[in-house]
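Per Swiss-Prot, the features are as follows:
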DISULFID  CYS83-CYS95  disulfide bond
DISULFID  CYS90-CYS104  disulfide bond
DISULFID  CYS106-CYS119  disulfide bond
DISULFID  CYS124-CYS167  disulfide bond
DISULFID  CYS151-CYS185  disulfide bond
DOMAIN    79-120  domain 'EGF-like'
DOMAIN    122-187  domain 'Sushi'
DOMAIN    300-391  domain 'WSC 1'
DOMAIN    392-476  domain 'WSC 2'
CARBOHYD  ASN745  N-linked glycosylation site
Amino acid sequence: GGCYQSCEPHTLKCGSVSFEAKCKSGWSCYPVTDNIASNACDRFKSCQDRWATVKETDAPCTSCVPGFQLTSRGYCSQDLNECNRNNGGCTNGKCINTEGSYHCDCDRGYLATSSRTKCEGVECEPLTLANGKVQSNKGSWIFGSRALFTCDDQARSVLDGPSYITCNLDAAGLTASWSGTSPTCQNDDEHDRFAEVFHLRFHGKKLDGVSLVTGLSPRSTAYRCHKDSTCQGIMTRAEEFEVSATGLTVYDGGVLTKTLGQSRADGDALTDDASMDIYTKVDVSSAAASSYQDVLDAMVGTSLGCYTTSSMASWEDYTLDDGRATTCNQICLQAGYDYFGIQASDKCWCGQKPPVEKVGDGECSTVCVNQANILCGSATTANIYQVYRDRSLGFCYTGNLGTETVPSAKTKDECVTVCRGQGYYTANIRNSGECFCDNSLPGGPRVDPTKCDEDGSGHSTVYMTNPAYFMSNDQGAQINPMTTRMYDDTGSVTGMTTGLFQRLPGLRIFTSDRLVLYSAEEVQFHDVQNDYADTCGEIKRIDGESDRSGDLILHFFHFRLSQLAKHTSDRASRVYIYAQKVVIDCDIQVQFSLMIRATKIVVSTGKVFKILVGSESSQIEMDVDDVKNNGPPRNLQQMKDSLQCARMLAQSWDDTEKQKLAFNILHEMTSPTAGNEAQRSVQTMASALKLQLEGMFKNDIHHVPSYSAAYFTYLMKADSDIVNAYAARLNALEVITTSRDDFLNYTQELEKIHQDTSIAQAKKRFDETMKLYKKEDLVYTKLQAAYDTALTNLRGVIPTFRKSIEAQEDHLRFKALLSFLELGVAAMDPAAVASVSKGFYDDVTDIAASSIWGIDQVVTNIDSFTDVMTNNLNEMMSEVKPYDGTKYAYEIEKVANMHVFVEEWRNFQVEVNNILGDDTVSALGGAGDYGRNLVKLTNIGMALTNAMINRAEKTRDAAQKRTTWDLLVEQGRRTTEVIKGFKAANSERAAANSVVAEQIRDITSEINGDLANFCEAYFFEKLEPCPKSTQPRFGGDLLSVQLSISRAEREAASLGLDGSPVSREVTITNTDASEDCIDVTQCPVTVFKRDRAFSYEVPIDNFDLSDWDKYRVKEIEVKAIGATPDRTETDLKLFVRSSGSFSGKSGGTHYNFLTDDFFCVYEYDINSPIDAPPESASGRCTVYARGSKKDMTRYATPYAAWMIEVD
């Protein structure tokens, strides 16, 4: 208050305020007088008044009211900007200065205190552990912290469950919850010292059936170790741990069902097994105790010396109960730290960097309570050690030994040192003395470590060289020869050299907590130049999609990192890039954390050498362990964009490379399973498309869709109306800068368009698809009934056929035939088989293997598929419950196999005709009826199988459209909520902008999907790609998409108008032949009246797609020469069907196409000269006609295979 005139402490009372008067630094002292005291009181009062004048006799003011500071004239009227110093103390937030005060605007995951001058992190609920302790690696339960669990009695208890769980933020950043449930402490009566050392030394903290098998405590007598697991190395070092291999106990499905002692007591034989070794303890007496202690002490990293704990403010501390440095090492290792320290044997410290205040070793002379060879600090100091990590691997491999030979290095340590110095990541020791350096794990499988001890074996033991990284690869019997993952488990790495990609060409993921690069495919390293062609176009980020904490999300299909500066700002703290392909084409040095998730990453040689992020940048909020296994988190919008791109690429029938790219995109999308419902819905659609592509690749089948020109004309018009409606409102929003009401009005209009137009359009698409589904379902149902009738009729004539067979002298031979025809060769009577001649038996066996089994399989699949599809239809028709696409995805895979069974039907029909054509068989009574019924069953079965395929395809299409509809409904709900918040002033304009942008993005994506469907139909109609102006524009705005729609609308009107010049004629002759004829082309019409049918194949050799129009069928005519009425009726019907499958090639590529079934009926009175001339009865079916009302692609194939039936 200006009262600085006294040398002695002196209390002055100014009104109701008391303060101490003392001398200010740099001022002289003189005795205190009442006058001085009075002046001091006056000056104190004036310093509390912002506008009080300063008298010349007044002592200078030294302080003002909080929030203000002195001007040069002595006034307290100048605002004090608290934010200029240490951000106002707003750690984890931004300081906002106001006149005379300030407040904190907190980052995501932090909430302001009641005074608004601090930001406190969102925390999870505290945890407890019965018979154990729970400690946080951050000293609190703030989000991102880990709860570390330990049991009190570590000598006789073990954790059953995770050793730690993580506190995770919710999507809004307002609450937090634990990633899992707490474990329990389970008692274990058996304990020995070897068990403890074994468990710690060989990463036994995770008892999950991989390193050690769950079900047996790590501190019990017998231990199990899979030979393909991390603990395999102990087999070569058993003596070091004073254990011996004793064989295998009873083993059942990965669970040890008996202890070693029980097996011995029961007299079980202990046999060798390739998958497991059992180790038991040996006597760890006092004589062996020193060896045990040496091993335990070796599990502590290098000592850095003694440091004061006062210089360790940034370190985390934990309670240490057992007084062992080994335990502290394990705590800090699990928490992800590089260094640990022990204070007075009871406190464990963990940190990322060494402390700064080092003292003499004499200040840390106290030894650990239970580890006498290790120093454990004092009351005010701590011994600091590097965290011990067993990075040596020590695994024995076959295969590549390395790219660099080091003759001078003979030992492991020498080899590792040399290889590290030369920049390699692995050191390989062969024959216990030859050193090789490399940057990847060997190409061969891992083998028994004892093989590496054999001179001349050619095997090598592999060690890691760089303590900052840990390499991992795909596990399995055959190790992937290339490294697939490299991660920094210390969290300290903030950059990398791109030379890493060159040395590790198979690298797919690099992970630290500030820099994450992920590629679903192997990273490519070459001079890319223009190797980033926009397969699907460029998808830019959604405008407004960034929050106030500085997180920025960018969406691209193809992105060059040299353009990163255009899309970021100084405000960014974390940048997330989601793309199909990322080109690293320049050095990158940024101050924000960077995460890239792409299907492919390409590094340009000679243009880029390093990627660095700021060491003080914010850590990326993610579970690093999950990233190591599954890659960075997904983004919903990128998943929807990726699916749309894959759909377009999958429809590139003339480009198999694009289809393979589509498959890779879908594979990356579908594995592993996404975390939330919306992402899983998109993932389900991707799974179905992936299965469809798998079927195409496996069976070389391309299903031709069914669309009409009228449908596309309507669809393009509707899409155009939607674009116009959205564009008008968006243009208005762009010019609104101040009026909140105007912004709200236009935003609400966009919401209404979304509800009335976009969602309505999505529902209409679904309804139209359901109409096609119902049409296919009706055909399927009729054919299914006909199939059941045909099967019943076939079984009805079997008794007559049986009696004729049994009446023959050689009845055993015919009994074998009968059992084969009924059930296949597996059911043939053994006695009958024995009496059959070898030649006949061989014929029957061959037919059974290729045909009868196939028919059984077809019938089985049809029966099961009917139930599945019926249930799916019922769910899809629900207007309330969203359709769960996971229920049909697996069945789509079956559809791919159904194409094969169409051919099985045909083969079966031919082979059965061969059997029935045997003179002896055809002479039997009832053989003709049996043959005719069997042939009809095969014809209907073929048509039924095709109908099932068609219906399944319609199911997939309907399910996709239903899922899209559901997603739009959900998006509309979120949009409504955001607008409500904006209306109530609970949310900012940026949030409304973001959700509107997302809405526009989805609509544009759907319209692009319509364009992709149009281009697919165009290809099958014109046999050439659709015009570029009609192709989807994935990176375009609404207006650019509008241009494509307009052109597609014009092109759609011209589709389906060209007729075909090709006609087919099928003639039935020789109508005077016997009624019991076998050759289907030699039978009279009266035979066909008894449900006889036959197949007709259009002869096509080396069909080329360029000859499409030569084989596209305009009409097919069936003639029955000399047809006459029978005794009962004169009506005659001709049924003509085709499977719609054909093969062809284009540019050397072979295609198999499948369209919808063609079916027509021609009916007339055989006595009428108008309907049928006397010399023949004929029916003519129009297959492909001129006119836009016909389905443009329904009859686009030549229909090479026909089934004709006369009734």
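Backbone N, Cα and C atoms are what each Cβ position is placed from, and that goes for glycine too.
Feature map: Swiss-Prot annotations on the structure.
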{"residue": "CYS83", "record": "disulfide bond", "DSSP (3 states)": "helix"}
{"residue": "CYS90", "record": "disulfide bond", "DSSP (3 states)": "coil"}
{"residue": "CYS95", "record": "disulfide bond", "DSSP (3 states)": "strand"}
{"residue": "CYS104", "record": "disulfide bond", "DSSP (3 states)": "strand"}
{"residue": "CYS119", "record": "disulfide bond", "DSSP (3 states)": "strand"}
{"residue": "CYS124", "record": "disulfide bond", "DSSP (3 states)": "coil"}
{"residue": "CYS151", "record": "disulfide bond", "DSSP (3 states)": "strand"}
{"residue": "CYS167", "record": "disulfide bond", "DSSP (3 states)": "strand"}
{"residue": "ASN745", "record": "N-linked glycosylation site", "DSSP (3 states)": "helix"}
Distance from CYS167 (disulfide bond) back to CYS90 (disulfide bond), taken between C-alpha atoms, in Å: 23
Length of the line joining the Cα atoms of CYS167 (disulfide bond) and CYS119 (disulfide bond), in Å: 18
CYS124 (disulfide bond): tally of other CB atoms within 10 A of its CB: 22
From CYS95, CYS124, CYS151, CYS185: disulfide-bonded residues whose CA lies within 10 A of CYS106 (disulfide bond): CYS95
DSSP residue counts for the domain 'WSC 1' (300-391), split into helix, strand and coil: 18 helix, 35 strand, 39 coil
CYS95 (disulfide bond) and CYS104 (disulfide bond), distance between Cα atoms, whole Å: 5
Nearest of the disulfide-bonded residues (CYS124, CYS151, CYS185) to CYS83 (disulfide bond), judged by Cα-Cα distance: CYS124
Per-residue Cβ crowding (10 Å cut-off), top of disulfide-bonded residues CYS83, CYS95, CYS104: CYS104
Alpha-carbon spacing, CYS95 (disulfide bond) to CYS119 (disulfide bond), which is rounded to whole Å: 10
By Cα-Cα distance, the member of recorded positions CYS119, CYS124, ASN745 nearest CYS151 (disulfide bond): CYS124
PLDDT averaged over every residue in the domain 'EGF-like' (79-120): 84
CYS185 (disulfide bond): tally of other CB atoms within 10 A of its CB: 22
Lowest local Cβ density (other Cβ within 10 Å) among disulfide-bonded residues: CYS90, CYS106, CYS119, CYS151, CYS167: CYS119
Between the residue listed as 'N-linked glycosylation site' and CYS119 (disulfide bond): CA-CA distance (Å): 35
